[in-house]
Amino acid sequence: MRSLDKFKICVLLICLVFELGHGFYLPGSYPHKYGVGDFLNVKVNSLTSIDTELPYSYYSLPFCKPLEGIKDSAENLGELLMGDRIENSPYRFKMYTNETEIFLCQTKPLSGEEFKLLKKRIDEMYQVNLILDNLPAIRYTRKEGYFLRWTGYPVGIKIQDTYYVFNHLKFTVLVHKYEETNVARVMGTGDAAEVISTIGNGGSEAPGYEVVGFEVVPCSVQHTPDSAKNLKLYNKYPTPIKCDPTTVAMAIKENEPVSFTYEVNFVESDIKWPSRWDAYLKMEGAKVHWFSILNSLMVITFLAGIVLVIFLRTVRRDLTRYEELDKEAQAQMNEELSGWKLVVSDVFRSPSNPALLCVMVGDGVQILGMGVVTIMFAALGFMSPASRGTLITGMLFFYMILGVVAGYVAVRLWRTIFCGNHKGWVSVSWKAACFFPGIAFFILTTLNFLLWGSHSTGAIPFSLFVVLILLWFCISVPLTLLGGYFGARAPHIEYPVRTNQIPREIPPQKYPSWLLVLGAGTLPFGTLFIELFFIMSSLWMGRVYYVFGFLLIVMILLVVVCAEVSLVLTYMHLCVEDWKWWWKSFFASGSVAIYIFLYSVNYLIFDLKSLSGPVSATLYLGYSLFMVLAIMLATGTVGFLSSFWFVHYLFSSVKLD
């Protein structure tokens, strides 16, 4: 009973902390209540396209600018790394006030450069991304009886040889009425929300509304330059505007201006605040997505179970038969036996490039830990799509903190390989702190030069580069060195058998052992290739990925399969008297990265057919290489550590002279 009381007190304290922090809500930020007539300001994000994957600033095109000037919104580290550039816009609404024929501006006559750029962006299928109260503008289109959802709307469209721009926007804002007039904040999710009342608000206050939906219909409407000559921002356009998305009329021409207008309609909706992101999280073909993942999980679990049972039975039977013999029979058997028992004096011989192996295992533990913790928090809703950039920011934070673990594992493995020798642990710690981040920094810097050359908002600003370097050398490196210090003080793992000075000759093999190692990655790849399609679609096709619960299950299953595959391959190599198992156990599971990279190339050729230009393809392959390297280190580490544990357990269970 006391434990339950303590738990209740902890929950209450947590709720109070979140209450002091202006509420807590999953997913996204806390609800914002607007009174009738309150101003709602629309923000703009970067222009994006699945044709080039290069984001550009909204104001790189001749669009209307706000009177107060262009101002950047507060952005976190993850948003900047993702290429988001959120800025203010001239679009402004009044809560629950319908307006039509609102004039924004008339641009200057399009110069030759602006005309060419506008046509180029239309050809490249660039989308305009608007945001209202943290909700992206969503567009619905009907195709073959189905409603398709899109975030944003296209800049324009090309019909035959004529380019048309969407210069009139029809907005629909879905709002939900506050049932209580004295509600300060709503905490919780679903229907059972806890209502916390403010102090001093009377019941005569006008009802407030929450924004629960933001829809847009783009139209191309012909505006005559003379009718908009004397109009100012937010004036009413003199002639009625009919928004028909099935027709286009505003053709862009060089040395002619373009007028922009909009209308807004507020609709009261039954959608509640916790459910307002449902429209964005509904993927087309969701049932197929769930069924495919579940089917893959069941098949892979069944295969892995069979491999594990057969493997354990074989090893246990071998050990049992050997231990039942008397000493004379064992001595005679030692002379006649072949296989893993004959490499007892070489199985723990130091591998080639031991420092590199220690560094890669340390970095692999760091990457794997970062992935597991980040996906767990995302599955719990702390890093939802509603909170832009939090996923990337969280990954960086967890990666830096887990530098302690990387340094500890790398140095302790180093000391184990050299039988407790402390010499060189500082160098190993430094290498662990700089190996993967250094490669990542080189890849990102190279790609960033391409983005800078293209004037894309996806380019990381120089100031952010400085921040990343400071985070690397002021937080990640010291924590890795601290972990290395603890690893140097921790006792090394003692080998159960001695190692001879002269290495045993490995018998010639019927087939190259590395061929089997590379083929072993097919089974781990089978656990994630279906999920990989949805992840790639999220990264490159602009879709929202939200099934982090399934991703967590797939990741756990991937770890199990990698461990089992590496165990089997290590045992097979020992059975043919091949005692060089260290690197092979690492790449037996790490070779899954090769198949993921081949899948990425296949996805580029067959799914991203519209991807145009060498810059876009180079960016895609560069980011794919970065992802594949991280996966290789994480999966290879799982395979090596499981094989090391197995070899240590196997030879400590048999008494061999």
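One is the number of the first residue shown, and numbering goes on along the chain from there.
A Cβ is built for glycine as well, from the same backbone N, Cα and C atoms used for every other residue.
As annotated by TrEMBL, signal peptide applies to 1-23.
Residues or ranges marked as transmembrane segment in TrEMBL: 290-312 (among others).
Among the features that TrEMBL reports, transmembrane segment is placed at 355-379 (among others).
Residues or ranges marked as transmembrane segment by TrEMBL: 391-411 (among others). Through the fold, the transmembrane segment (391-411) approaches residues 76-78, 81-82, 358-359, 361-363, 365-367, 369-370, 373-374, 377-378, 382-383, 425, 428-429, 431-433, 471, 475-477, 479-488, 490 of its own chain, all at least 6 residues removed from its boundaries and within a Cβ separation under 8 Å.
Residues 54, 358-360, 362-363, 366-367, 403, 406-407, 410-411, 458-460, 465, 468, 472, 476-477, 480-481, 484, 615, 618-619, 622-623, 625-626, 629-630, 633 of the same chain, all 6+ positions outside the transmembrane segment (432-452), place their C-beta atoms under 8 angstroms from a C-beta of that stretch. According to TrEMBL, the feature transmembrane segment maps to 432-452 (among others).
Positions annotated as transmembrane segment by TrEMBL: 464-488 (among others).
Residues or ranges marked as transmembrane segment in TrEMBL: 514-540 (among others). Residues 50, 53, 283, 289, 292-293, 296-297, 299-300, 303-304, 547, 550-551, 554, 557-558, 561-562, 565-566, 568-569, 572, 584, 587-596, 599-600, 603, 607-608, 620, 623, 635 of the same chain, all 6+ positions outside the transmembrane segment (514-540), place their C-beta atoms under 8 angstroms from a C-beta of that stretch.
What TrEMBL records for 546-569 (among others) is transmembrane segment.
Positions annotated as transmembrane segment by TrEMBL: 581-605 (among others).
For 625-651 (among others), the entry in TrEMBL reads transmembrane segment. Long-range contacts of the transmembrane segment (625-651) within its own chain (CB-CB distance under 8 A, at least 6 residues past either end) are made by residues 315, 340, 344, 347-348, 357, 360-361, 363-365, 367-368, 371, 436, 439-440, 443-444, 493, 495-497, 524, 558-559, 562-567, 569-571, 574, 581-582, 585-594, 596-597, 600.
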Query = Can we call the transmembrane segment (581-605) and the transmembrane segment (355-379) in contact, meaning three or more C-beta pairs below 8 angstroms at a sequence separation of 6+?
reply = yes
Ask   = By Cβ distance under 8 Å, which residues at least 6 away from the ends of the transmembrane segment (546-569) in the same chain are close to it?
value = 281, 283, 289-290, 293, 296-297, 300-301, 304, 307-308, 311, 368, 371-372, 375-376, 378-379, 384-385, 516-517, 520-521, 523-524, 527-528, 531, 534-535, 584-585, 588-589, 592, 635, 638-640, 642-643, 646
